[in-house]
Structures are given as C-alpha cells and as structure tokens.
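> Feature table excerpt (TrEMBL):
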type: TRANSMEM; residues: 6-22; note: transmembrane segment
type: DOMAIN; residues: 9-426; note: domain 'Major facilitator superfamily (MFS) profile'
type: TRANSMEM; residues: 75-92; note: transmembrane segment
type: TRANSMEM; residues: 98-123; note: transmembrane segment
type: TRANSMEM; residues: 135-157; note: transmembrane segment
type: TRANSMEM; residues: 226-249; note: transmembrane segment
type: TRANSMEM; residues: 269-291; note: transmembrane segment
type: TRANSMEM; residues: 303-321; note: transmembrane segment
type: TRANSMEM; residues: 327-346; note: transmembrane segment
type: TRANSMEM; residues: 358-379; note: transmembrane segment
type: TRANSMEM; residues: 399-421; note: transmembrane segment
C-alpha cells in the first residue's frame, strides 16, 4: 500500500526534530565532560551553553520569512546542511572559547530556520482535522532525540571521547538531508481548506500555493494580536523549562545528587521519553475532542495547555526535595511530560489562528522561546555560582531551589495568560 505523501512528510519532519535534539543534547554532554576536565567554572559553562540560543534567536523570524517566500522544503534542507557541516568541522577544545562561540552561533542560526520551515511545510500538507496529532508527532521527535542522546551519547563519550559526538551528529544530519532531498516535495495546493467542515472557523482562505507564497505578510496585525502573544508567552515558558532541564539536568545529577550519568543507565532518558509519549497523547486527545465535537478548538487548546502547565509547575518546584535518582527522574519526567502535553494547546495554535502564516507566527513565538534559552541557561549558571559561594558546594537542595522555582512560577503565569487571550479560530486571512 502506497504511503500518502503527507504522512511521509510528517515522518520525515519527525526524524528531523529528533536529529536536531540529539545534536543539542550531544553538545551539552560532550562539552560538559570536556569543560569539567579542563576546570571550566559553572558560569563560563552557562555562557557557552547559551551561545547557541543567540544565533537561534536571530534566525527565527527570518526563517519564517524565508520559508514563506522561498518554500519551507528548500529552507529546511539548506539549514540542515549548514549545521551538519559545522559540527563535522568543529574541534572540541574548551580553551578555544572564541572558536566554540562562533561555531555554536552558526549552528544556532542554521537550526533557527528549521521549526518555522517545518510549520510552513505542515500547514501546506496537513488538513485541520489531522493537525494536532501531526504537529505533536513532529515535535515529539525532539524528545525522542533528547532521550536517545541521553541514553547513547554518554557511553560514546566514555569510549570514543567527546569529539566523536560531533562526528556522529554530522553523519546523522547528512543522512537526513539525503532523505529529505529524495522524498520531500511541494504540494500542488495547500491543505488548509481540506476538512474545513470539521472545524469552527471564521473565514476561508485561498488554497493556491503560489498565492500563499506571494501574499503580503500582515506584520503589524501579527505583532499586535493578543492570541499571538498568548502563544508567545507560553512558548517562552515552555522553552525556559525545557532548556534549563536539558542543559543543566546532567549537572544536577552529577553535582546535586552526586550521581554518574554512566551509572544511571537508561533512567536518565526517562524525562525525554515521557515527553515523547505525552506529546503524542496530547495530539491524539486534541484531535479526538475536536473531530467528535466534544469541545471546540478554543476550549480544547485551553484545556490541554492549562492541565499540562499547572501539573508541570508543581513537579518543577518539588524536584530539589527529592534526594534520590528515582525521585529526581520521576519529578523531571512528570514536569517535561506535562509540558509536552501542553504543546497540544499553544504549539498547534499557530496553525489555528494563521494557517497561511504559520511559519511567520512560529518564527515570532519561537524567538521568544529562544530568548528563554538565552536567559534561562545563562541565569542558571549564575544562580549556581552564587549558591556555590554561599553553600560551598552544589549538593545542597537549597542550591537548586531557585533554579526550578522560576520555571515553575512561569508555568502558572503562562497558563492564565493562555486562558484569557487565546483562541482556536482563524484570525488571519
């Protein structure tokens, strides 16, 4: 039986996000090992780890614009080739700070084009009644990639050294690029109008692909829209929590709990595996509630976003209270799992409010998410340095309370913003 093209596109974008997050987790693991061996302090580590997000922030909106004008398929391929080549050529030497900064900026810029391009491609290919589960499957690749990275890469570092991680990531990136080049195509018309009868929307849009590419982008309307800002705020919070845990959870296990990542075995991948599972559960539940008309699109988005973020906030706040690997893994798994469930609320909402400009809106909101990475990862390093000065080491729960309380508070705040201002109806032609 021949696989429909839109399913193949979704599968390829799922693999794409998986490979991207293997790269991000891989750099965190490899650099942490190399930096600790070279005696680099926590604040300096935070600066290097956050450098990626500066480049990532710079290319989000340009990525949405390029995908809108040139086509998401082409932009996605070019960005993948750029970051893969950078990884292949980068020597990992913690003492060569400027080289690391430039390389991470380049990788950040390249990967910043990826998610706006993906949203542009999916908005063209995926009909509304399949949208939640398609986006959830695609984005769940991030978490599966992070889980696989946490499981496999520490062992690779142990036996082959930190540099081997970069070469493995470059090989994965090149392999995906070949698959995308061979199998990805542009649709003859967008899927935005397919299945319209299932969804309560205000207006129809022209489904001709060329008109979508050439349409004038309503920048002012996008930037002054309260529903767009509801997405932006929640994207910021989601990524603040995700990037802090992704970049600092290895340090928390190693220094906060005095555990070795190698000795933890497969348990260290559970938070990301939980994200993978809950992301897809959220997508299936959302599409079920909408297509069966149990809840409107607006109420479905708000319900899943609120449940996800409030449960995650509780789990984040209590992480330092657990002093065993099992307790810490459980709490971080609950936190990240329910954050992923919340993506069936705010993350799919880009396509609800602006199917034609999904890449643009994604670029705007992901810029906020990237700023969260810059602020959160760097701030965490400074908080830990201050805690270390006050408590002499980082094994005390008090050293980590502020680190996890901040994203916990942001989750509560963001869920209320989404309840007040979000909508599931189309607001842009």
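Placed from the backbone N, Cα and C atoms, the Cβ positions cover glycine too.
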> Find the average pLDDT over the domain 'Major facilitator superfamily (MFS) profile' (9-426) in the predicted model and report it.
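The predicted confidence over the domain 'Major facilitator superfamily (MFS) profile' (9-426), as a mean pLDDT, is 85.
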> Of the listed stretches 6-22, 135-157, 269-291, 303-321, 327-346, which one has the most C-beta pairs under 8 A with the transmembrane segment (98-123)?
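Checked against 6-22, 135-157, 269-291, 303-321, 327-346; highest Cβ contact count belongs to 6-22.
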> For the transmembrane segment (303-321), find every same-chain residue at least 6 residues outside the stretch whose CB is under 8 Å from a CB in it, and list them.
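That would be 234, 237, 241, 256, 278, 282, 285-286, 289, 295, 327-328, 331-332, 334-336, 338-346, 397-398, 400-401, 403-405, 407-409, 411-412, 414-415, 418-419, 422.
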